[in-house]
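Pulled from TrEMBL, these are the features on record:
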- 696-754: domain 'CBS' (DOMAIN)
- 81-102: transmembrane segment (TRANSMEM)
- 130-151: transmembrane segment (TRANSMEM)
- 181-198: transmembrane segment (TRANSMEM)
- 242-264: transmembrane segment (TRANSMEM)
- 276-299: transmembrane segment (TRANSMEM)
- 331-353: transmembrane segment (TRANSMEM)
- 368-388: transmembrane segment (TRANSMEM)
- 442-461: transmembrane segment (TRANSMEM)
- 467-489: transmembrane segment (TRANSMEM)
- 501-525: transmembrane segment (TRANSMEM)
- 531-552: transmembrane segment (TRANSMEM)
Amino acid sequence: QLTPSSFLRIGQLSNVDLNEDISELETELPRQHPNEIPHNEKLLSLKYESLDYDNSENQLFLEEERRINHTAFRTVEIKRWVICAMIGILTGLVACFIDIVVENLAGLKYRVVKGNIDKFTEKGGLSFSLLLWATLNASVVMVGSMIVAFIEPVAAGSGIPQIKCYLNGVKIPHVVRLKTLVIKVCGVILSVVGGLAVGKEGPMIHSGAVIAAGISQGRSTSLKRDFKIFEYFRRDTEKRDFVSAGAAAGVSAAFGAPVGGVLFSLEEGASFWNQFLTWRIFFASMISTFTLNSVLSVYHGNAWDLSSPGLINFGRFDNEKMGYTIQEIPIFIFMGVVGGILGALFNALNYWLTMFRIRYIHRPCLQVVEAMLVAAVTATVGFVMIYCSRDCQPIQGSTVAYPLQLFCADGEYNSMATAFFNTPEKSVVNLFHDPPGSYNPMTLGMFTLMYFFLACWTYGLTVSAGVFIPSLLIGAAWGRLFGISLSYLTNGSIWADPGKYALMGAAAQLGGIVRMTLSLTVIMMEATGNVTYGFPIMLVLMTAKIVGDYFVEGLYDMHIQLQSVPFLHWEAPVTSHSLTAREVMSTPVTCLRRIERVGTVVDILSDTSSNHNGFPVVESNPDTTQVAGLRGLILRSQLIVLLKHKVFVERANLSLVQRRLKLKDFRDAYPRFPPIQSIHVSQDERECMIDLSEFMNPSPYTVPQEASLPRVFKLFRALGLRHLVVVDNRNEVVGMVTRKDLARYRLGKEGLEELSLAQT
């Protein structure tokens with residue numbers, strides 16, 4: 001399988017232990033961490049497990065399914081709808097909470113700083129204002145980054161790559177825990193209030209997914225509370241469907257785009273999809289948008305208005321003022337090309353930065369220091385830009401929340417300040433809707449340049465924050481600049497309204513960074529409330545994706561690859577028809593006999609060198625004439641439950657079991673099955689036998705060893721499998737295909753490359 005050289009490489013890597021346990025001992029044992037962690041992007045990590053999307057159809061499961069009559073199935077279906085409604089309502093409420101808290105805290109901060117700046121502008125000493133602004137930012141971000149770095153590192157970033165992996169079938173540790181949700185929400189609030197170049201939209205998707213996973217299980221393992229409801233849904237199949245609904249609800253709460261949410265779930269996430277699921281997901285998205293809308297309308301004091309469907313509202317784009325003509329289509333396509341190139345540049349810079357972070361900034365305290373540094377630098381850059389800008393605009397008729405006068409004449413305000421001295425969401429809307437002539441081209445150019453690097457530096461910090469809004473803001477700024485220069489070139493002809501170009505620039509930039517096409521088109525259409533823009537937005541996004549993919553892959557895929565996650569794409573690599581299952585599979589396979597000694601089972605499970613999770617069960621006839629054919633497949637988690645409940649047959653010939661295990665016993669242990677070390681088996685019990693026939697899955701999916709890789713891949717990916725047994729023509733087990741075996745093959749620059757596996 002592996003060449004000796006790759007074994008050597010794994011040997012060098014396994015000396016470096018990346019476990020979190022070391023960072024606990026950090027304080028007592030200084031110099032425990034190496035200063036540099038060698039990180040190789042050509043690796044797949046073995047620490048990620050797969051989700052079981054495929055039900056184990058053992059006798060217990062079949063008996064239970066046969067007992068359920070038609071009316072009971074109907075109640076299960078009703079429960080699914082109820083859960084989807086609850087997901088929608090709760091996601092909407094979380095979004096409201098984030099929005100209201102951010103608005104109040106940021107408003108407070110901006111009022112304090114504005115008062116300070118106004119005071120010191122008159123009597124000199126503006127450096128105090130800068131100090132105050134930077135200190136406020138850094139202290140807020142310090143708290144936000146400490147809770148992430150020290151309590152729950154999974155909550156860092158936007159959470160979209162993690163949820164993408166979860167829906168792809170990879171079990172990322174702690175990703176849908178309650179603790180993660182709390183840290184995520186607090187972290188988002190703190191990082192947006194701290195003035196970092198981040199948005200609060202991306203994390204809403206993660207929050208929705210956590211809410212969905214929590215509600216659908218009817219209990220909280222973090223709080224040790226079991227509500228005894230929804231027990232039927234305690235398995236990966238159901239949980240994963242609800243998580244895709246939660247992600248969709250998060251998108252629709254963030255952008256007020258329910259259809260966009262459903263399409264996001266479809267495009268980025270779920271591998272298995274059916275009509276009923278689509279309809280339920282759409283229901284959850286609609287409910288979440290509606291909840292957010294009604295609560296925010298009541299909060300803003302116009303209860304019957306329902307005017308804020310999402311956290312970000314692009315405002316209405318009128319057709320009269322903002323129509324476009326056929327001859328503008330080439331201009332839009334050109335903007336798409338620019339967006340793709342800039343997006344690829346952003347991703348490439350962020351890639352090197354993330355590699356640097358993985359290698360050198362791996363201690364939590366260093367991560368917090370870096371986050372504070374970024375916050376202080378952001379404030380300083382903003383202040384210096386505002387200070388140096390001489391771009392003054394009249395206050396009358398403008399809708400600026402915090403107009404800074406600084407060195408402008410009375411009745412005027414500094415227009416650079418509207419861009420920096422505001423939450424990013426508000427700045428985006430200003431760039432879209434301010435009348436022509438509100439911004440100086442110089443101001444926009446400087447702002448785009450600075451914000452591009454700030455946003456690039458900020459993404460991947462140890463704070464929870466999204467990349468949607470900063471990309472929209474960068475794009476809107478250069479798009480508006482583009483529109484202004486167009487109207488200069490054409491001597492101010494009517495059709496070049498800069499707001500329209502700001503919208504296209506925003507779409508191009510976001511498409512160039514994240515490379516989503518379908519869902520992003522619909523999200524932008526729904527957020528602007530204008531269907532006529534659908535076509536140009538689609539063209540811009542397609543161009544940006546094609547151009548960007550020529551250079552480097554999308555931001556989320558890049559981060560998934562940097563974390564060495566075994567992620568399966570839609571299709572097998574194109575040139576992989578020459579490989580067969582025999583070359584891909586893992587051998588040798590640890591098999592169990594149908595009636596097995598307990599001691600053997602315990603030894604196999606405790607063997608740390610092979611932490612397999614699925615074991616083929618073969619026929620246990622002692623006479624050698626018969627072939628040891630495949631009889632079924634049993635999972636590690638099932639074996640652990642059997643050992644825990646001590647389901648042993650005392651002698652091999654007597655088949656009496658003390659108490660029949662029910663499916664409920666397996667469901668109660670889900671999702672955190674106890675480790676084998678915690679189960680005590682005495683010496684006498686080791687001699688007992690254990691009968692696996694009613695617990696194993698008697699019909700696992702198998703492939704013959706001659707099957708080609710694309711065929712194996714298709715079966716594995718479409719059914720969301722975790723184990724695929726490879727058999728020869730006599731039905732004997734010859735190997736096992738798991739997710740890592742398939743994800744190893746990737747299309748590189750020189751053709752098909754095989755990644756090596758590492759324990760870290």
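Note that Cβ sites are derived from N, Cα and C of the backbone, with glycine treated the same way.
Any TrEMBL annotation is an automated prediction that lacks curation.
Between the transmembrane segment (501-525) and the listed ranges 181-198, 242-264, 276-299, the one holding the most Cβ pairs under 8 Å is 242-264. Against the transmembrane segment (181-198), stretch 130-151 shows more Cβ pairs under 8 Å than any other of 81-102, 130-151, 276-299, 331-353, 442-461. Same-chain neighbours of the transmembrane segment (531-552): 317, 319, 323-324, 328-329, 332-333, 335-337, 339-341, 343-344, 347-348, 351, 503-504, 507-509, 511-513, 515-517, 520-521, 524-525, 558, counting only residues six or more beyond its ends whose CB sits under 8 Å from a CB of the stretch.
In summary, the transmembrane segment (276-299) does not lie against the transmembrane segment (442-461): fewer than three C-beta pairs, each 6 or more positions apart in sequence, are under 8 Å.
With Cβ pairs under 8 Å as the measure, the transmembrane segment (442-461) is packed most heavily against 467-489, out of 81-102, 242-264, 331-353, 467-489. Beyond the transmembrane segment (331-353), the same-chain residues lying 6 or more positions past its ends with a Cβ under 8 Å from any Cβ of the stretch are 324, 452-453, 455-457, 459-460, 471, 474-475, 478-479, 482, 486, 501, 504-505, 507-513, 515, 536, 539-548, 550-555, 558, 562. In the domain 'CBS' (696-754), the DSSP tally of helix, strand and coil residues is 16 helix, 22 strand, 21 coil. Beyond its flanks by at least six residues, the transmembrane segment (81-102) meets 181, 185, 188-189, 192-193, 200, 204, 207-208, 211-212, 215-216, 230, 233, 242, 245-246, 249-250, 253-254, 280-281, 283-292, 295-296, 299, 311, 423 of its own chain at Cβ-Cβ distances under 8 Å.
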